[in-house]
Amino acid sequence: MSTSMSRDLLRVLPEMLVAAAAVLGLLLGSFLPRHRQWVVRALAAAAVAAALAVAVARWPAGGTPAFDGVYTVDVALAGTRVIVLGALLLVFALAAGEVRGAARETEFVVLTLLGGLGAVLLAGAADTMLLAAAYLLASVPLYALAAFAKDAPGTEGALKYYLLGALLGVTLLFGVMVLFGGGGATAYRVLAESLPRGPGAAVAVGVLALFAGLLFKAGAVPAHFWVPDVTEGARPPVGALVTTVPKIGAVVAIHRFAGTVLAPTDLDWPLVVAIIAAATMTLGNLAAFFQDSVRRLLAYSTISQVGYVLLAVAAATRSDLALPALLLYLAAYAVTNLGAFAVVCALPETRTLADYTGLRRRYPWLALALVVLLLGLVGTPPTAVFAGKLTVFTAALDAGFGWLVVLAVVNTVASVFYYLRWIVPAVRSGDFAGRPAPQAGAVALAAAPVTIAVGLLAGPLLAAFDGPLLPS
Amino acid sequence: MLTLVIFLPVVVAAVLLAVPRAGDRTVRWAWIATSAVEVALVTAMWVTYSPAPDGYAFEQHHRWIPSVGAGYHVGADGLSLPLLALTAVLFLACAVYSVRRTRRMRAFAALFLFLETVCLGVFTALDLLLFFVFFDLSIVGMYFVIAGWGHRGAARAALMFFLYTFLGSLVLLLGFLGLYLLSSPHSFDIVELARQDPAAGRGAVAGLVLLALVLGLAIKTPTVPVHTWLPPAHVEAPAAGSAILAGILLKMGTYGFVRIVLPVLPGTWRAYAPVIVVVGVVSVLYGALVAMAQRDFKRMIAYTSVNHMGYIVLAFGAAALVAASEEQARQLAITGAVTQMVSHGLITGALFLLAGVLHDRGGTYDLGSYGGLARQLPAFAGLTALAVFASLGLPGFSGFVAEFQIFTGSLSGAPVATAVALLGVLLTAVLLLRAYQRIFLGPSRTVVTGDLTVSETLAIGPLMALSVAIGLFPRFLLDVIEPAARGVL
């Protein structure tokens, strides 16, 4: 093994740790007795925590291409690693009550690890072939997880998820192929030079086809139809996972592709992204308005949140703040969304908004956490999403998307309405029937102050997330 | 010092929530004691107030989000100190007033303490983002007060209040972002922005930023035509909530003008000042006329707020139209406007608490259901008479001092508008006296018993005493405001 190869392997140590934990976990799980399968969960959590520590400790200063430029180790990847790995830890904590001693505990853990790994690879890919592989890795484990409970709603959701994913996966491969035809390469570095000279229409078609696959992973319009069905049909921890982790990788992948490959072309891709962003936040919000099921409401809320995130992508090459804003928003979104899902996981039988009546009286702290988290999703200061929205809006204004920011503001105001539809019964007096599961409840209680802390610590976070996107 | 003053209430609120099974009695006294300590602290600030050369005292500056130039920057000057004092006093009054009448005491007290921190924060913030954080949180706090402790239609009114004012705050945020992008180097710091004058020579963009700022603040103030959230919110809110909403939260809008818009965008403000003057005058007249048509006492007071806040907006507009040579008039208008904020806070706060007493005794705000209450409740009638006279601007009360200065200062800048706005004073006098007559004079229609209790007297009395004190000896207040008013435009 050459020294450059071993240096590259060292650079992707966090990814290797997660992959090793998945393989080892699968082996261990196959001969551990059911009541000892917690060992696999502990191993996975330890590996993810170790990977997280490595990712933080080896924070890259600039961009370094690895493996002959197929993969990029830079701040965008480092940010994604930290957010995804942190999210995986939260998901493990969320699912603890549900999967402990369950028949397929190991499988759950391994599939979650692989799905997370796929999301990280999406963010780091600097080659369309690796991007396609990462897409599959980020998708296939989640199809299985969606149907994990083997019940009718879960199976239906998984089928929808799989069909749409397969279709748009093919589209993505088609895009890869067309871009290869137009640019003669799969590496972003080469494509950036060859595509501006390539056939314009074919390039545009290829880019759109590629984006279609990534938008499916991000749960953005027009590839968002699976989100509510999977979120409602799958078990709540799985819903939390699929609405958080793949989105992070996919959005960073779009950002990277747009910021490096498309930047030199004369395609008006910022406008395309801006239109997708506008449609995503607006349609997500409109659909969320009159949902009575908390999970469907959260599902549509996650769609609209992706719309706000895409504002930063639209500004990718026009504002220095775009990348830090994007990563800050993703971090804020991950912790807030998982926190809100934690409340749902803690109360899996409390399905409708009306069922939350009286939560404040029985469980005042859980109700307070829910209020903080939902107001956090609105973007109330000083929570994390506020800091994210603020920087994203600034980046978009800076990039000349005034109309988009105005639309985002209008959408934010509109979103208050449906989050309040959840808050109001929760703080109203009444008899509350549910009993929160302790682990998931603890995650919710922990997530609420963390969202405020992230908001207050936005300064150092933005500084850490600042870095060049282009591999040097 | 200032940070302690700002955050003490919210810390106490957190402790109150965290202590398991704190009894109503404990909560009540902790709330009153905290509010009293706040009054003492602000009084101490007032006594030791000596501004640095840049105009601010008690300044504190820490980095918060350095990559966008935002910081924790607080300080007090002659514009904010009177409002800090008003906030502390009015919150103490509400604490004393609410002492025996509130269900779910612990949550109520915690919310009010939280709101006190938020209000003090708005009036001390010298950073746009910090200002916005507090500005926005005031909406959240007040939403829960209205929704949780309001009258029958509270849920609807609270939702409307939240959506409407939240829209306003986000439009304001757009304006802040615009200011940030116009400034160079980029900054959210108000002092720095005022020094830079970022909009100079930016033409239409500066106009758009001004539009966003004005719209955002006008919704909060509120001025015609964006005042429609106010009457339902006031009518449905509990008495103490209305008092804080009218007394303090509305001031955030006008304070935003005098703290941010006028100093940071002076040129653009001058260019659009005629529009502002018109908005002010229309608010004055429309507020008074609609108030006159009300049969509901609380709704009527709510509309008089639109009228009274209109004078402030008029003064800000007229101050920009005054010729450069007449520095005196400009300063007079601004000083009058700030005095009016304090005065309106005291008087309307008192009126809303009195409306709460009325509802307690008679079960309705309907003017037609009452009559001859003066015989049955003499102390209540007396105190209400004082508040009514103060509100219509009788000499000897703070309202007169404020409105007199506003009119004198505005006259040279916008003579016609000022003359028209004077009509508003007449209208307010008519409508307030007519309402007073209906409730307190004439034949009795219902048997109402129970004059003012000790806690009600202790809550409302000092507010009126302060109004009289400012009316008779205004110098102690004006001496603080005037130097700061000089640097505004």
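Yeah, the Cβs are placed from backbone N, Cα and C, and that goes for glycine too.
Caution: TrEMBL annotation is automatic and unverified by curators.
What TrEMBL records for A:137-413 is domain 'NADH:quinone oxidoreductase/Mrp antiporter transmembrane'.
For A:12-32 (among others), the entry in TrEMBL reads transmembrane segment. With a threshold of 8 Å between CB atoms, the same-chain residues lying at least 6 positions outside the transmembrane segment (A:12-32) that come near it are 39-40, 43-44, 46-48, 50-52, 54-55, 58, 66, 71, 73, 81, 85, 105-107, 109-110, 113-114, 116-117, 120-121, 124.
Per TrEMBL, transmembrane segment is recorded for A:39-59 (among others). Tertiary neighbourhood of the transmembrane segment (A:39-59): same-chain residues 11, 13-15, 17-18, 20-22, 24-25, 28-29, 32, 75, 78, 81-82, 85-86, 88-89, 92, 96, 99-100, 105-106, 109-110, 112-113, 116, 464, selected by CB-CB distance under 8 Å and a gap of 6+ residues from either end.
Away from its own ends, the transmembrane segment (A:108-126) comes close to residues 12, 14-15, 18-19, 21-22, 25-26, 29, 40-41, 44, 47-48, 65, 69-73, 76-77, 80-81, 84-85, 87-88, 91-92, 95, 99, 102, 133-142, 144-145, 148, 187-189, 214, 217, 241-242, 245-246, 248-250, 252-253, 256, 260, 471 of its chain (Cβ-Cβ under 8 Å, at least six residues beyond either end). Feature annotation from TrEMBL assigns transmembrane segment to A:108-126 (among others).
For A:132-149 (among others), the entry in TrEMBL reads transmembrane segment.
Positions annotated as transmembrane segment by TrEMBL: A:201-226 (among others).
Look at TrEMBL and you will find A:238-257 (among others) tagged as transmembrane segment.
Beyond its flanks by at least six residues, the transmembrane segment (A:269-290) meets 207-208, 211, 215, 220-222, 224, 228, 254, 258, 262, 297, 300-308, 310-311, 313-318, 399, 401, 404, 407-408, 411, 414-415, 417-418 of its own chain at Cβ-Cβ distances under 8 Å. Annotated transmembrane segment per TrEMBL: A:269-290 (among others), in sequence order.
Residues 218-221, 224, 227-228, 230-232, 239, 243-244, 247, 251, 254-255, 258-259, 263, 270-271, 273-274, 276-285, 287-288, 291, 322-323, 325-326, 329-330, 333, 337, 340-341, 344, 353, 377, 385, 388-389, 391-393, 395-396, 398-399, 401, 404-405, 408, 411, 415, 418-419, 421-422, 469 of the same chain sit 6 or more residues outside the transmembrane segment (A:297-316) yet have a Cβ under 8 Å from a Cβ within it. Residues annotated as transmembrane segment in TrEMBL: A:297-316 (among others).
TrEMBL lists A:322-344 (among others) with the feature transmembrane segment.
Counting residues 6+ beyond its ends, the transmembrane segment (A:365-388) has Cβ neighbours under 8 Å at 301, 305, 308, 325, 328-333, 335-337, 339-340, 343, 346, 359, 412, 415-416, 419, 422-423, 426-427, 436, 441, 444-445, 447-452, 454-456, 458 in the same chain. Positions annotated as transmembrane segment by TrEMBL: A:365-388 (among others).
The feature transmembrane segment is assigned by TrEMBL to A:400-420 (among others).
The transmembrane segment annotation in TrEMBL covers A:441-465 (among others).
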Exercise. Which residues, given as numbers and ranges, are at least 6 beyond the ends of the transmembrane segment (A:400-420) yet have a Cβ under 8 Å from it?
Worked result: 270, 274, 277-278, 281-282, 285, 288-291, 297, 301, 304, 307-308, 311, 314-315, 318, 374-375, 377-379, 389, 393
For this session: May I ask for the residues of the chain that lie six or more residues beyond the transmembrane segment (A:441-465) and have a Cβ under 8 Å from a Cβ within it?
Result: 59, 75, 79, 90, 93-94, 323-325, 327-328, 331-332, 335-336, 338-340, 342-343, 345-346, 363, 365-366, 368-370, 372-373, 376, 381-387, 391
